[in-house]
Amino acid sequence: MSKPTTLYDKIWNDHLVHEAEDGTCLIYIDRHLVHEVTSPQAFEGLRVAGRKVHAPEKTLAVVDHNVPTTDRTKPNPDPESAEQIATLAQNAKDFGIEYYNEFDKRQGIVHVIGPEQGFTLPGTTIVCGDSHTSTHGAFGALAHGIGTSEVEHVLATQTLIQKKAKNMRAVVYGTLPDGVTAKDIILAIIGEIGTAGGTGYVLEYAGEAIRALTMEGRMTVCNMSIEGGARAGLVAPDEKAYEFLKGRPKAPRGADWDAAMRYWETLRSDDGAHFDHEIRLDAARLPPIVTWGTSPEDVISVTGKVPNPADIADEAKRLSKERALHYMGLAAGTRITDITLDRVFIGSCTNGRIEDLRAAAKIADGRTVNGNVNAMVVPGSGLVKEQAEAEGLDKIFIKAGFEWREPGCSMCLAMNPDKLKPEERCASTSNRNFEGRQGFKGRTHLVSPAMAAAAAIAGHFVDVREWH
């Protein structure tokens with residue numbers, strides 16, 4: 001009888017090409033996603049070496065980080081961004097790679113378009129020069145970010161050199177209360193383990209609360225695995241995953257689909273499989289969560305107060321949290337619901353999908369954005385935007401006073417015109433609240449889409465459970 005195996009180990013073993021005596025491995029890569037920021041040097045390296053892309057049919061390119069989310073018929077106001085976008089277009093043409101430019105309705109954030117095109121499939125290995133590649137793990141794919149030199153290596157060989165990670169599991173049992181979402185699950189996990197808690201691990205999410213999530217919700221959870229330090233996040237595929245993928249443009253069809261399904265149905269951790277570390281959370285006890293500091297681990301219930309660093313025994317950690325409070329312009333003991341806002345951003349590869357926009361629109365419907373707040377909604381892709389408009393969500397947002405934008409990474413990061421000004425405070429559905437992440441000296445609080453929409457209307461954080 002074979003030894004019980006984890007989902008991660010199964011996918012890893014199926015893709016292992018070679019293992020050296022020191023544990024360094026060569027693994028085969030099934031899918032490679034490329035965007036404009038981390039790929040220029042990689043393609044240039046291929047040119048200099050006179051190499052071709054080994055498997056262009058397994059590579060998909062899209063612009064997302066640098067594209068403006070306003071009128072795209074006008075020139076890009078940032079020459080460097082415009083150059084990166086033009087460079088990706090030329091590289092895709094030169095190397096024979098499929099490419100979605102800023103005018104293609106399939107364009108969007110790389111981690112939104114992969115699943116919606118059926119490019120992301122269970123049991124595959126997926127890489128991209130982007131840390132939030134872990135998103136694709138929601139489908140039972142082993143997916144993680146890589147550096148630019150590794151992008152070149154994958155383009156040239158369709159393989160990657162790395163050492164195997166350890167296995168970790170987060171079991172989220174019970175049922176989520178109304179007003180509490182997948183975003184709150186992952187923020188709670190990061191708050192529990194810290195931003196280094198998953199270092200050296202691939203993190204599998206399990207339990208009834210995870211199974212109950214939609215695919216959009218699972219993508220939100222897996223997306224932020226990297227914020228917990230993990231190399232990748234995984235959810236075993238099930239009927240929800242298969243239903244999401246069936247009929248997608250790049251998904252298998254007919255007999256190929258049937259063959260794929262036979263393999264996909266083996267993709268789960270066996271009973272009794274060994275995990276090097278495991279944590280458990282009760283979904284029923286989770287509140288809507290807000291980050292208060294400059295790390296994703298700085299989490300608190302919306303009904304709570306900003307913590308006092310003086311209560312922290314470890315000196316280095318205490319000083320770090322004192323610095324965070326100073327940067328955020330907050331005082332210990334401040335009620336979270338007393339924190340007022342200047343900006344609200346709903347979008348990103350964490351929360352820019354149709355389910356996220358529906359949740360925000362449900363809160364915004366019939367209400368008006370606070371006069372002191374500038375709020376924007378940025379769909380994760382052109383297809384998400386098209387679907388939202390077909391459902392009338394754009395009209396709800398616009399009537400409420402939100403800006404309705406074109407798809408892209410937008411205000412998740414300060415690499416395009418959507419930025420915070422110094423000391424502006426933003427409720428954001430994105431994934432990182434580091435110093436300067438959304439703009440120089442900008443202050444970021446991470447929340448769910450419903451929480452962000454409610455904050456935009458109230459002008460400060462509110463407990464969205466009271467609005468349900």
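Just so you know, glycine gets a Cβ as well, placed from its N, Cα and C.
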Recorded [4Fe-4S] cluster site member, picked from Cys349, Cys426, that accompanies Cys409, Cys412 in Swiss-Prot: Cys349
Env. residues of [4Fe-4S] cluster site, Cβ within 8 Å of mean position of Cys349, Cys409, Cys412 Cβ: Asp64, His65, Ile109, His132, Gly347, Ser348, Thr350, Gly352, Gly380, Gly408, Ser410, Leu413, Ser430, Asn431
Count of other CB atoms lying within 10 Å of the CB belonging to Cys412 ([4Fe-4S] cluster binding site): 29
